[in-house]
Amino acid sequence: MLLYDGVYALLNSSRLINRPPGMGFLLARSYIVVAALCVVLPCHAKLSTKFYAKTCPNVESIVRAVMAPAVAAEPRMGASIIRLFFHDCFVNVSPSHLSSPLLSVYLASSLITTLAQGCDASILLDDTPTFTGEKNAGANANSVRGYEVIDAIKTRAEAACKATVSCADIVALAARDAVNLLGGPTWSVPLGRKDSRVASQSAANANLPGPGSSAASLVAAFAAKGLSAREMTALSGAHTVGRARCLFFRGRIYGEPNINATFAAARQKTCPQTGGDGNLAPFDDQTPDTFDNAYYANLVAQRGLMHSDQELFNGGSQDALVRKYSGNAKIFAGDFAKAMVKMGGLLPAAGTPTEVRLNCRMLN
C-alpha cells in the first residue's frame, strides 16, 4: 500500500486535490493521476506481432502444439476458447467494481472511470476467500470452459521461456488457432499484453451481452468498446461453431414467431419447456464444428438459435450485411479476422496493476 499512498501524497503535495473542482482542475488532476500512476505502475506499450521475437520466439508453435490435439479430440473446445477470449476482452472494470488487494490507489481521481478492461486474462483468475473474480459471473459460470487448455499451454510456455509470455497473449493466440483449426481464417496476432491483477464479477455481469439482447443493445454494447456495428455482426459469426444450453434458447423456440417451424421442432426435442436447462444444441446445426459462414445463412432462413442471434436478421440495420456474409464466405472471414485483431487490442487502462503471471489462475 505504500506505493499507492505515494501517489496520493504526490497529488496532495501539488495542492490540486484541495482546489475547487472546476473543469481545468479536473483535467489537470486527471493528467497528474495518470502520469503518477505511469511512474509507479506499468503503462502499456503498443502491441507487436514481433513482441516475443527475441524473448520467446517459439511461443506460437507452443500454443499450436497444445491447441491442435485439444481441438482434434473435442471440436467444441475450439469454440469454447474463442468464447473465453471474447468474455475476457469484453469486460470493463470501474473503481467501484474492482476486486484486488491493490484497490485503494484508484480512488485518487474521479475522472479515471475505467481502470481495468479488455484482454487482460482477468477471466482466468480463480476466486479465493479474499478475491472474487469473473469465473462465476452469470455469463461465465458453468458456461465458459477451456481453462485447462490454457493451463497446459502456460506450463509449456513457462518451461520454454520463464516468466515471459503473458496469459492474456496465450488466450489471444489460442483463440486465433481455434478458429483456424476449425477451418476458419488465420491472422497475425499482435502481442505484448500483460495480465491484470484486478478482476470483477459485477463488471462481467454488466458488460457481457446476454442471449436475449436486442439488435440495438448489441450495437450499443460493442460501440462502447469502440467496435462498429459491422464488427459486431462479424464477431457474432463465431456462433458458427459451439453449443448453447437449453436455458438460453428455450424462450425463442417456444415463444417467438420469427423462427423456422421445422428448426424449432427439432430443438424442442432436446429442450423441453421445463427441465433440461443444461441440454446442449449447436448454434449451427448444418456444420456445427466447422468455422464457415453457415451461421448467416441460418439467420436468413430464421434458424438462429438464440434471440440475440436472430436479431441480426430481423428487419433491422444488419440485414444487408448478414445477407452479404451468407453469400460470401471470403468477405466474412476477412472481416472476422480484422475484428478479432481490433477486439484483441482492448487493453487495461494506464495505471492498472499488471504482471506476467506464472500461473494463469492466481496472482504472483
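Every residue, even glycine, has its Cβ placed from backbone N, Cα and C.
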Recorded disulfide counterpart of C167 (TrEMBL; options C38, C360): C360
Disulphide bridge to C56 as given by TrEMBL, partner from C161, C246, C271: C161
Subset of recorded positions (C119, D292, C360) lying within 10 A of D88 (Ca(2+) 1 binding site), CA to CA, in sequence order: C119
Spatial neighbours, same chain, of D292 (Ca(2+) 2 binding site) - Cβ under 8 Å, 6+ residues apart: G183, G184, T240, A329
Listed recorded positions among R83, C161, P209, C271, T287, C360 whose Cα sits within 10 Å of D120 (Ca(2+) 1 binding site): none
When distances run from the Cα of V91 (Ca(2+) 1 binding site) to each of the recorded positions R83, C119, C246, the nearest one: C119
